[in-house]
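Annotated in TrEMBL:
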- 296-359: domain 'MIR' (DOMAIN)
- 370-427: domain 'MIR' (DOMAIN)
- 431-491: domain 'MIR' (DOMAIN)
- 68-88: transmembrane segment (TRANSMEM)
- 100-120: transmembrane segment (TRANSMEM)
- 126-142: transmembrane segment (TRANSMEM)
- 154-174: transmembrane segment (TRANSMEM)
- 186-219: transmembrane segment (TRANSMEM)
- 240-261: transmembrane segment (TRANSMEM)
- 575-597: transmembrane segment (TRANSMEM)
- 609-627: transmembrane segment (TRANSMEM)
- 639-659: transmembrane segment (TRANSMEM)
Amino acid sequence: MLGFLKQPVVVTAEINMNLVALTVMGLVNRLWALSYPRAVVFDEVYYGQFVSLYMKRIFFVDDSGPPFGHMLLAFGGYLGGFDGNFLWNRIGAEYSMNVPVWSLRLLPALTGALCVPLAYQILVELHFSHCAAFGAALLILFENSLITQSRLMLLESVLIFFILLAILSYLKFYNLQKCSPFTAGWWFWLLLTGVACSCAVGVKYMGLFTYMLLLAIAGVHSWHLIGDQTLSNVSVLCHLLARGLALVVVPVAMYLSFFYVHLTVLYRSGPHDQIMTSAFQASLEGGLARITQGQPLEVAYGSQITLRNVLGKPVPCWLHSHKNTYPIRYENGRGSSHQQQVTCYPFKDVNNWWIVKDPGMQQLVVSNPPRPVRHGHIVQLVHGITTRYLNTHDVAAPLSPHSQEISCYIDYNISMPAQNLWRVEIVNRESDTDVWKTILSEVRFVHVNTSAVLKLSGASLPEWGYRQLEIIGEKLSKGHHQSMLWNVEEHRYGKSQEQKEREVELHSPTQADISKNLSFMARFTELQWKILTLKNEDTEHKYSSSPLDWITMDTNIAYWFHPISGAQIHLIGNILTWASANVATLVYVCLFLWYLLRRRRKICDIPEDAWRLWVSAGGLCVGGWAVNYLPFFMMEKTLFLYHYLPALTFQILLIPVVLQHLTDHLCRYPGYSTGCPAVLISGDKSSEMMGFLVPAPALILGTLHYVPSVITLPCLAEENYSVNACTGLGKVNCSPV
């Protein structure tokens, strides 16, 4: 039974020394003297701020993309023991000793190094020669711009790594599809494709371009599978479900997980809170959560509240009033009601407090038990400090003459009675009997007399309005634009009926707690929407460029300058590589169109396998370049040269593809000793060009052919053919079929 112990256990392994050598060279190239310079280099000043916030668990919003890339950089800082204490305020600032520069730059350098063997494997999986694959890897290895970008705390090398990993994984999966579907390796590479795609999108939204390309390629392959008659209906269905799971469900789940980790780690209030809704702010530790701790959940008659506009643009602001009145006449000559001003004020202030009053009662305190306000109830809003009622009437707003003026009513004993009844409409209600809730409910206030809706116009009032934001009554409003929605942020139950006691009460802090927290999906949806819609004011940068500048490399970026030694770091490419990549792209497109046109005429210049390889390589390389480059022509954001690097990587992969194709099919004569241009074979009943598969082209009567020294052509027995060949180089025999 133990006889197997008599023989030694032998383990054999195949090691691709090309792959090992490229990996080692990539690591040395990217990691050597990684801590130099020990100073903030270009966008490190930008990403470093987010790393510090991660270390301190402080919430932030970055409108440039999802959080996964920032988390990877922060992970490097965590491994290096970074405490987040560094002021990222100036490019060129020397790093203090507590900043682990090597650790912060490690992950981009590692991913940049691994791009080298990935490029090699991609061309091998495309069935190109190891020589071509090695050449592609060397071009990636020594490309200046890729080296520079991967040796700093930047995200482009991480993005390119996940893009190439997704491409390689799909190619390995597709090659296994032909011989061993549904095996462990088949599932591994398919799932890794989806994971790599979600990571690429999670680093930067530019990764979405390659993800869409792979989905399109997978869609074409799936369409071919559906037409494969050798597969049963159940097998086809399983193939489609597997691809849907790995390429759609897994990336979506992964993408959500990035935000889940992001929101779990960043639980403290920070400088970006103000752009989020009150409910989101209250879910963070400190900040608004500290202010609103213990608040009553349900708004009742007599409640003292502050109302925050849901839109938050141009700045977050609260419904506000003060004793100043609208001027009798505006600068353009129009008249006003001369009532008390109502504005939207972007700061916390005691004049932001309002009291919810029951129109049928005089008291301004909450009864016992409290009577909650529900959807559809009619209320009056009384300004806490001045005790005047929120009002509107048929008077044009100061800056929006087609809308109504909003004011607090002053009785001037003229023929303009108060119109201060408002209907509460809870937009995000679950039923028509929902109670108005603090922070959670988004409400519209509809004027009972005129049906105008209380709205933030966003315009800034002149000096007489202290540059505060205009509030209007929007007539004939349809839909629920966020500028019309309001939520209660601070809330207390009023206890003082006397005005002086009430003013003291309004100045005191609230102490309440929202018992219901926002769900993860609610927070994710809000954060995702802010990332997509939040726009910083783009200003022209001295190193910004246009997509046309990238092709010719007619631009660069000065990343760093040493004030004493004069040493500099510039982002600039290798001119030979960039020029070769452009030429390779042009040659590929021209040859592809030429082959396509001639194949339409039933003329095949290259073997069918070579054509399929040519198309698949072009679909990945040229397609990858196009989807990562052309969309920038439609973008209005400030662009830099580094935005072109993912597209450039695909172009570099195309260089050896084109060179091998030219060598194999247009510059050699494999298997033939001599040759001559094609022969014209004509018969009595018909004339036809006979096609031969040959290595070198000659244009004879509209076709490209060579014939070998001796060739036998099939002839139909009932037809007589005459053969005209070129002189001296070959012999042509014709034999009946």
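Placed from the backbone N, Cα and C atoms, the Cβ positions cover glycine too.
Same-chain residues lying 6 or more positions outside the transmembrane segment (126-142) and placing a CB less than 8 Å from one of its CB atoms are 18, 22, 25-26, 29, 115-117, 119-120, 171, 574, 577, 613, 616-617, 620, 649, 652-653, 655-657, 659-660. Residues 115, 119, 122-123, 126, 128, 131-133, 135-136, 139-140, 143, 145-146, 149, 154, 156, 159-160, 163-164, 206, 209-210, 541, 543-547, 549-550, 553, 555-557, 571-573, 577-578, 580-582, 584-585, 587-588, 591, 617-618, 620-626, 628-629, 632 of the same chain sit 6 or more residues outside the transmembrane segment (639-659) yet have a Cβ under 8 Å from a Cβ within it. Against the transmembrane segment (240-261), the recorded stretches 68-88, 100-120, 575-597 differ in Cβ pairs under 8 Å, and the greatest number is found for 68-88. Among residues of the same chain six or more beyond the transmembrane segment (154-174), those with a C-beta under 8 A of the stretch's C-beta atoms are 42-44, 47, 69, 72-73, 107-109, 111-112, 114-115, 118-119, 121-122, 125-126, 146, 185-186, 189-190, 192-193, 196-197, 199-200, 203-204, 206-207, 210-211, 214, 217-218, 221, 620, 624, 642, 645-646, 649. DSSP assignment over the domain 'MIR' (370-427) gives 0 helix, 26 strand, 32 coil.
Shown for the domain 'MIR' (431-491): DSSP residue counts in helix, strand and coil, namely 6 helix, 27 strand, 28 coil. In the predicted model, residues of the domain 'MIR' (431-491) average a pLDDT of 89.
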